[in-house]
Amino acid sequence: MSILAVDGLGIAFGGIRALDAVSFAVPRGMIFSIIGPNGAGKTTLFNVISGIYRTTDGTLAVDGLDVTGLRPATLASLGLSRTFQNLQLFTRMTVLENAMTGRHRHESRAILGHLVRSPATRAQERRSRELAMACLARVGLDGEAGRLAGALPYGAMKRLEIARALATEPRLLLLDEPAAGCNAAETEEIDRLLVDIAASGITIVLIEHDMKLVMGISHRVLVLVEGRVLTEGEPHEVARDPRVIEAYLGRDAAHRLVEAPSYA
Amino acid sequence: MALKLSPAVLILIATVLIVVLPGLVLPSPYYYRVGALVFISALAVIGLNLLMGYAGQVSLGHAGFFAIGAYGTAILPAQLGWPPLLAAATGVVLAAALAFAIGRPILRLRGQHLAVATLGIGMLITMVLNAEVAITGGPDGMAVARATVFGFKLRAPETWYWISGGLLILGVVAALNLLNSPTGRALRALHDSEVAAEVLGIDVTRYKLVVFVAASVYAAVAGAALALFSGHVTPDVGSFLRSVEFVTMAVIGGLGSILGSIVGAAVLVILPQVLTVFQEYETLVLGVMIILFMIFLRGGIVPGLAARLTARLTP
Ligand SMILES: Nc1ncnc2c1ncn2[C@@H]1O[C@H](COP(=O)(O)OP(=O)(O)OP(=O)(O)O)[C@@H](O)[C@H]1O
Ligand SMILES: [Mg+2]
């Protein structure tokens, strides 16, 4: 069974259909990438899947369970987590506290215990700190634990978002352009990190413009253009599809590329 | 390994020193009285700071809950013959219950809209206090029965200095515990990004309500202490001006700083006493000083000084 099934999903903003009849399924354990030109609706798709936007147009299922219309916090409790293209860090909190906040769904919410800092609360804090540190170590930020998140360089902020999402112990992780704005070395790090995350059994849905990254690590690639699925397939199939090249570069360029044998 | 104290422990030590050191040396009942007023205000401001500074939810009606604590303490002994301390506790529960009831619809609002809605709550509360003359004494207010503990009447300013100082220390401990817990992280998280908080499984609506109720409890405890200490309450305790004063204390001391709440309360309680030497220019000088604080210590006195200090210490 697929861990994520999207069926006939659509959403409109003031008459503009940002998503239209989008359907696909992500099998467990994969790196499933979504590519498409700017404004294609990729981030909107993540917003619908993670419950930030609600739509009655189409259905969503996580692990076979219908989750259409559920709130983000409920989806989080089902093991879904994500990062944001426009960073959404808790900038006034430390790097460690950001990651610890990711532990929230596993922590006791008994406020009385928090107020008096009961032995159980202390033990839980210790555990949350350890697990959060482990997530920071995974993205190479354990040395910055005490720093304010808002004071980090851009690349580190991107990795902190991933660490915070990992701290929730997700089954399904949605990553919105984790390598955007990163230099070659940083992109290389992200590449390794994603492969490592997938190897640990977490299914990844990746939005990314860096084609080298996408084609290198994805098991399947879906192409979204103007809110619709253009095609879906293995990376090498998609890369060779003239419609994809056309969508990215325009019709003329596409013809030239496909006709020139050196690019085949 | 060197002994390294966590920021929370340092803040607690500073608070204890702020209470204990002056308490040992103050020269006359007048100073103890001012000290008690500082601590009582600081307690209310810490509550407001949890709401505004940490969770980012504005309130211009904080004094309304302060007034419920104060009037609960005044009315229940006068009307029903309750012991004052039981009345005080009941006033606090009433304030919390009211916050819980109105919090849900109100906290859906944001920014200026939330500010105006909370302002309305504060105004409603003072309106009732002014109008129900038979119960509250109307605009003239009413006397508050003195609390007795083991046959000992609590009335000396020095006694109230230590009681309110003790309450302040308890309030600081509870606030620090809360802030360094899953609840505290949830509150600070929703301040910075509600969307990211939700996605991590934080029930944003619930935590806004939690902090609104917590803030009202701090205000009501402070209000009850003020009523028992001063022996008389008037609707002024819940006035809009009083709410604005609490906000000013929180902002001057530093939003998102517990020590800042104490410092902000101290500045706004003590300065007017000191500035009486300027006679008719008192308010003018106070206003200018507030402006200067805001310009030169952006972010409030405590965070502002801390930033300057670290800038000087790190080359
Ligand atoms: N909340 C909203 N209100 C109105 N329009 C929106 C909203 N969210 C997205 N859109 C529109 O939906 C379309 C798709 O935007 P989206 O951000 O999903 O694109 P994208 O594929 O993520 O692009 P990029 O690669 O630049 O990140 C755009 O035309 C955008 O303006
Ligand atoms: Mg996008």
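Cβ atoms are placed via backbone N, Cα and C, with glycine included.
Annotation comment: TrEMBL describes B:7-25 (among others) as transmembrane segment.
Taken from TrEMBL, the feature transmembrane segment covers B:31-51 (among others). Long-range Cβ contacts of the transmembrane segment (B:31-51) within its own chain (Cβ-Cβ under 8 Å, at least 6 residues beyond either end) map to 19, 22-23, 57, 59, 62-63, 66, 156-158, 160-161, 163-165, 167-168, 171-172, 175, 178-179, 187, 211-212, 214-219, 221-223, 225-226, 229, 246-247, 249-250, 253, 255-258, 260-262, 264-266, 268-270, 273.
Under the heading transmembrane segment, TrEMBL lists B:58-76 (among others). Same-chain residues lying 6+ beyond the ends of the transmembrane segment (B:58-76) with a Cβ under 8 Å from its Cβ atoms: 44, 47-48, 51-52, 82, 84, 86-88, 90-92, 94-95, 98-99, 111-112, 114-116, 118-126, 129, 135-136, 142-145, 212, 215-216, 219-224, 226-228, 233, 235, 237-240, 242-247.
Positions annotated as transmembrane segment by TrEMBL: B:82-102 (among others).
Non-local neighbours of the transmembrane segment (B:114-139) in the same chain are 57-64, 67-68, 71, 74-75, 79, 102, 106-107, 234-235, 238-240, 243; each lies 6+ residues outside the stretch with a CB under 8 Å from one of its CB atoms. Taken from TrEMBL, the feature transmembrane segment applies to B:114-139 (among others).
TrEMBL lists B:159-179 (among others) with the feature transmembrane segment. Through the fold, the transmembrane segment (B:159-179) approaches residues 8, 11-12, 15-16, 19-20, 23, 26, 32-33, 35-36, 39-40, 42-43, 46-47, 50, 54, 187-188, 214, 218, 221-222, 225, 228-229, 258, 262 of its own chain, all at least 6 residues removed from its boundaries and within a Cβ separation under 8 Å.
Marked as transmembrane segment by TrEMBL: B:209-229 (among others). For the transmembrane segment (B:209-229), the list of distant contacts is 36-37, 40-41, 43-44, 46-48, 50-51, 54-55, 57, 59, 62-63, 65-74, 84, 88-89, 91-92, 94-96, 98-100, 103-104, 106-107, 144, 146-147, 154, 160, 163-164, 167, 171, 178, 183, 187, 237, 246: same-chain residues at least six beyond its ends, Cβ to Cβ under 8 Å.
What TrEMBL lists as transmembrane segment is B:249-271 (among others). The list of residues near the transmembrane segment (B:249-271) in space but at least 6 beyond its ends in sequence, with Cβ under 8 angstroms from a Cβ of it, reads 11, 14-15, 18, 34, 37-39, 41-42, 44-46, 48-49, 52-54, 168, 172, 175-176, 179, 286, 289-290, 293-294, 299-304.
For B:283-306 (among others), the entry in TrEMBL reads transmembrane segment.
Using a Cβ-Cβ cut-off under 8 Å and counting only residues 6 or more beyond its ends in the same chain, the transmembrane segment (B:7-25) has close neighbours at 31-32, 35, 39, 161-162, 165-166, 168-169, 172-173, 176, 179-180, 258-259, 262.
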